[in-house]
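Engineer: Please find one structure pasted underneath; my questions will follow.
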Amino acid sequence: MLLPGLLLLLLLLAGTRWLWGQWKLRKLHLPPLAPGFLHFLQPNLPIYLLGLTQKLGPIYRIRLGMQDVVVLNSNRTIEEALIQKWVDFAGRPHMLNGKMDLDLSLGDYSLMWKAHKKLSRSALMLGMRDSMEPLIEQLTQEFCERMRAQAGTPVAIHKEFSFLTCSIISCLTFGDKDSTLVQTLHDCVQDLLQAWNHWSIQILTIIPLLRFLPNPGLQKLKQIQESRDHIVKQQLKQHKDSLVAGQWKDMIDYMLQGVEKQRDGKDEERLHEGHVHMSVVDLFIGGTETTATTLSWAVAFLLHHPEIQKRLQEELDLKLGPGSQLLYRNRMQLPLLMATIAEVLRLRPVVPLALPHRATRASSISGYDIPKDMVIIPNIQGANLDEMVWELPSKFWPDRFLEPGKNPRTPSFGCGARVCLGEPLARLELFVVLARLLQAFTLLPPPDGTLPSLQPQPYAGINLPIPPFQVRLQPRNLAPQDQGERP
């Protein structure tokens, strides 16, 4: 009898809170409300939300469980909220789990959060500035050598990309590319994403009160998080034991010294080892599968468009001779490559639905009132497919970005105060990996000619998952075998 009684009490409290909230909102000029309350069960949510703009306009509300959420579906509304009024919408709602005061991605806006972001960004962009590009180049060359050993054999390229991006982050954070460590980290990230995407976890987004009831899925998620934390704690201990003042070989060294330097600072800005721990976690969770998925989408699109692949290879051959140095600062010398990356990010953004924002104070968007604590969700993919902005928005057409000033910058990594911390790293990885891959290989479908599906799998997590597919990597310094390959 205890469990049903507890559930009834929770429902009564939630209902009372909801009625009180609705009464307070009655005099405000709010965005229109979409009918229904099962919107978040749609298999391709960003596209579904974009479709609602036909009747409701680019900004509207949807009901998520017992609360209303505002959805932004255009560049104009997203930029107004996250750039022009970034302080108003820099907050985060209470999330499902985790060390909220330590988490950079999910933590709420505060002086401590700002200090945490500053240290993490400094570690990535200053601490690893000189070693990041050579490291990515080295690991990409090793990746190409592994792929050359499988030349002509169909390869599940997404798994290879995922291991590569995990190796890069392991080197940046831990200073270690040991294959056993990387495999352990990679498996942990995959387990976390799989657990997070399970319906038993996703339902908590719609009905948060269910988190107080027994939930095997939630217990499994917590167990995986504990395994993840054990790995990170081991690395932190090793780094502390070998730390030398004024020297660093990776991001952990840099951040540990940064924490030590501000030990006597103000309490509201004072960081500690737990912040370093969560910075590492955020980088692995946010930077492994997202970049690997974007690279996989790029390969899939190029398999469907061999004429663009051929033009890219001609550009690379013209600008980069054998053994030439590939430098990101010279990226504008490869305009078609940069345009192709931009087009892949437009059609398949790193995070199609940005993590929810919370209004830190009463504000407005497009003339609509947004009360304090209202949750805002920017539909990045929806904005990238807006027919009012993009010509033939669903078409893969990199040339659209070859005309300067004609197309807006896409917010594929978010924007404003909450822009993805790893954006510079991800853009560098996309540039180096695609350039070296297309220099070394021609991308071909399997012998049966099957092309990958360009329809994302049902969306429930961070990125747009690509259906599994295989690709043959034909070394360009070898003549294609007489098996009907395209040149």
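Here the Cβ of each residue, glycine as well, is placed from N, Cα and C on the backbone.
Owing to the predicted nature of the structure, the values given are computational and were not obtained by experimental measurement.
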Engineer: Please state which member of His39, His158, His357 Swiss-Prot lists alongside Arg92, Lys117, Arg418, Cys420 for binding heme b.
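Structural biologist: Of His39, His158, His357, His357 joins Arg92, Lys117, Arg418, Cys420 in the heme b site that Swiss-Prot records.
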Engineer: Report the residues of the chain - excluding Arg92, Lys117, His357, Arg418, Cys420 - with C-beta within 8 Å of the mean position of the site's C-beta atoms, for the recorded heme b site, in sequence order.
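Structural biologist: Output for this site, in sequence order: Ala90, Ser105, Tyr109, Leu355, Gly414, Gly416, Ala417, Val419.
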Engineer: Count, for each of the binding-site residues Lys117, Arg228, His357, the other C-beta atoms lying within 10 angstroms of its own C-beta, and report the residue with the smallest count.
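Structural biologist: The binding-site residues Lys117, Arg228, His357 were compared, and Lys117 has the fewest Cβ atoms within 10 Å.
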Engineer: What count of other C-beta atoms do you get within 10 angstroms of the C-beta of Cys420 (heme b binding site), across all chains shown?
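Structural biologist: Taking all protein chains shown, Cys420 (heme b binding site) has 20 Cβ neighbours within 10 Å.
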